[in-house]
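The annotation domain 'BTB' is assigned in TrEMBL to 76-136. The domain 'FYVE-type' feature in TrEMBL is assigned to 1013-1073. Marked as repeat 'ANK' by TrEMBL: 261-293, 294-326, 365-398, 435-467, 580-612, 814-846, 847-879, 880-902.
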């Protein structure tokens, strides 16, 4: 890479030279352009072109003649003598090239000394022809440049310099530099210096071997970025001496400074084995113990490189042998231990020097050189270290690993292990300081049979416990996989087990932490062969752990069917329980051990022993786990299928079938039904101390008791249908013992509940019990009523398909048929199907309402239309005398009003028992939509009698005013209603008591034409009876009946186009003169 960088720099220099020549070319081009411009200007001023042409031809011919005169006698007027040869010349040509000889007119002979003839010929040829061959060698080119300098041929000098610069490379650069320095050629010298700097790595000491010390020093000083390093690399002690003299004042600092590559001067000297130079540096202050940027010492690096001479030099000159690497903590011995492929020279050097080092030194990880050597399997260093009497062979690193452990368990190098064992004082156990685990523990944990055999054969103690009290045998059995290992793994475990037992492992020892013996661990692992092997060495199969857990319980709890059968087959006591009350059957069922369950049942186990935690029998445990094989084994041996027990809330006692349904466990429920359980069982409410229900707030206690009672009356079929458990319901319905018609606390059968769910369930019930569709629930409704009420078209079609009577009324106070209910709900499709099935369209309910009246009351115009299309009579009146139109108006059903008025024969003038027509009801009942309803009525019947009075003498206008409906009042007045009408109680709009008179004044102001005159026998203001002497008058503004006294004000009414004065009442006079008072003053 450094060579590539140097070449790149050299190319940069050549590029710069090229740029300089380009600039020179541009200058010449500009000069040429100037001359051409002057020539063109002369032509423009009238000088004849022919003259210019002749001048141009003259110059060309002159140059041509001069080139032809080289070394010719023609016109020759001077001779040049050089190196014993004579050349012919011409004074004018030489004078044109240089002024070195001054005036040549009197000179006939020139002597060129110290110039070879071949160089002189090249020079003379250039003088006449301006030609210089690019291929001439350096042997001619450089003397030619000297000649040009001597005789002041400036153009030739520049040309030679350019050619020399183009030829500079690594091989000739130093020589050319010396030449340039000698002849003061600054341009060439500087270029050479740049090449040296750029391609420094390509230069060798041989390139500079002949350069004078002073010259070389100046060169390096000018261009080298690391002067001292460059001097050392060039192996020029004379130049180095100049450097040391010049920098004497600060030598100690300079000699211990790093260069840009991170090297010290001594590093450079050692690399080239310049020990004499290194000695000189040390004498002048270089530090032999100086560390590089990575914290490595000179000796550390020399050992890594196998440089024995440097190692000896460093030791002889007093380097520090106790060096420790700052980052890794490695000593020099650690470095040797890691270097497995040491040079032969170092291998021969180390034995003679090892006495200088600490063989038990520790690195950052607490490793000794011996541990490191074993890690790297460096046998030569291991042997050398083992020969040292002060070596601690049992030393452990921070991970508590000894050299023997690494050799045996990590590297598996038994040859090294044998060398270690041969040393006196080696601890074969070598226990971990923290865990207390010996090498045998660790070998067992890694299932390393070979290492275990090696240790046991060499006499290691096999029953030494670790810090937790576990022996290697305990550890082996605990570590065995519990999910069924492959055959090779099991065989390796058995092999290790046999080795431990063969070399004296005691199977009766108890693990202190768990209180278990080896047999306890063995039976909880795959394959009973481990237990068999241990039994052969005398273990008790009925022993208990420290927690008093029998082996059989432990095997079943571990879901080990094979171990359980193994224990029972080996006469293990089956009549045992766990400390928390579980029997073997409880645990076997819970863990799905079907074979063990079957064996326990055959041995007479209690099949209904409840689970100590849940209180449920084993059969439920099997069903909850969907272990139907085990459940079948239990039922085949006579297990109870009822299993009466408290529910989860401890409020009800229920059977297993109820529990399965409540938990949506259909498979379990179906299994119980097929197994012959009681399919009609009811829950019972728990009372007394046995009930563990949390106290409820007083306000909710009655509701809670009611809910419990309701749940207690539901059969399994009720609950299954309610929760949509189709499979369970189908199984119950098909069971001949199931009571399909049983009713719950609300009087509902399963069919009523089924109607709310899938029709297949209801269909199955009806097929099994046809009259179930007609049974009434607690609300007096049969299945058809309920289906219509919930707009369940599918259920309705199913019930119609089984020909249910559609005209049966509900058994409640309303006595509604399905058609009445549908008219209220508003489902047109169901209604049309009911009619097609024979529903009576004019049948009335308990209050006398027909279906069309109910439809209009609820605003269902489409239902109303469908009924009218099927001959429904809209004039049927209810108990209050209201027909369908009355019902629509009273509810503000504008669409229904419009339909009845336009598409039926309804009697629009009909009145109810209060003598109220549809306009009375419009004014009384329907609020803000009354205006729209009023408009529809008048649109259908423009001459509708607005002044018709009800049984109390109220017109629709008076009722609208009493109810505060201002918009309807205004609309009625615009359509000719009488404003001054009086009812039977003497009430008018003028004396009716209201919080404010805002509505009245607003109506008076809104009058646009003279209203209809009121009739009566007394004055509406003072209530004075009219007689022959007391005449009747009418207020011409509001139309009410008044006496002369109450209408003594007269005023023209311009908005009525009454220009003459007319009688008005006092209130109207005020309105017409002063306007209506502000809202705050209207009382």
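Positions of Cβ are set from backbone N, Cα and C atoms, glycine also.
Helix, strand and coil content of the repeat 'ANK' (261-293), in residues and according to DSSP, is 16 helix, 0 strand, 17 coil.
Averaged over the repeat 'ANK' (814-846), the predicted model has a pLDDT of 87. Under DSSP, residues within the domain 'FYVE-type' (1013-1073) fall into helix, strand and coil as 14 helix, 18 strand, 29 coil. With a cut-off of 8 Å between Cβ atoms, the residues of this chain six or more beyond the repeat 'ANK' (880-902) that come close are 848-850, 852-861, 864-865, 868, 874, 908, 910-914, 916, 918, 921-922, 924-927, 929-930, 932-933, 936-937, 940-941. With DSSP classes pooled into helix, strand and coil, the tally for the repeat 'ANK' (580-612) is 16 helix, 0 strand, 17 coil.
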